[in-house]
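What Swiss-Prot says about this one:
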ACT_SITE  ASP123  active site
ACT_SITE  ASP141  active site
TRANSMEM  12-32  transmembrane segment
TRANSMEM  70-90  transmembrane segment
TRANSMEM  102-122  transmembrane segment
TRANSMEM  137-157  transmembrane segment
Amino acid sequence: MSKSICSTGLRWLWVVVAVLIIDLGSKFLILQNFALGETVSLFPSLNLHYARNYGAAFSFLADSGGWQRWFFAGIAVGICVVLAVLMYRSKATQKLNNIAYALIIGGALGNLFDRLWHGFVVDMIDFYVGDWHFATFNLADSAICIGAALIVLEGFLPSSDKKTS
């Protein structure tokens, strides 16, 4: 028995497209308008700062000689496939989980595109307090973190709310 895509979690794939457009658009603007290492202050505690990340979160394995590019690309593809299957198997009415999965897929694909096209991930958001700076990140990273937080949140909701949220 075949399911209509609109009756499955794949109905929420538009979120993936939105994340990709916003993420890749922001990275394009940075690449076109910033020199590597350039910083522009937006607000107190928030800068735009063009950085290249050859590793994963917090530049994990960034200095590993290049193999990590393909390793992290493979992980991204695997995660996207698993989450797309989960979306297909879930009902479209399971909004919270499906939106979370779509945010993670969109973020993973945004960073995957960077890895494959540029050989590095473009980062640009620099949050700081005083002299302490958080790791520079991008909108794809934000989408992944928000998606993961939504999955954790869903785990704390009562089961009656999970069916409709």
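Using N, Cα and C of the backbone, Cβ positions are placed for all residues, glycine too.
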How many Å lie between the Cα of ASP141 (active site) and the Cα of ASP123 (active site)?
9
The transmembrane segment (12-32): which same-chain residues, six or more beyond its ends, come within Cβ distance under 8 Å?
48, 50, 87, 92, 95, 98-99, 101-103, 105-107, 109-110, 113-114, 122, 124, 138-140, 143
How many other Cβ atoms are found within 10 Å of the Cβ atom of ASP123 (active site), counting all protein chains shown?
23
Just to be sure I understand the packing, how many Cβ atoms besides its own are within 10 Å of the Cβ of ASP141 (active site)?
21
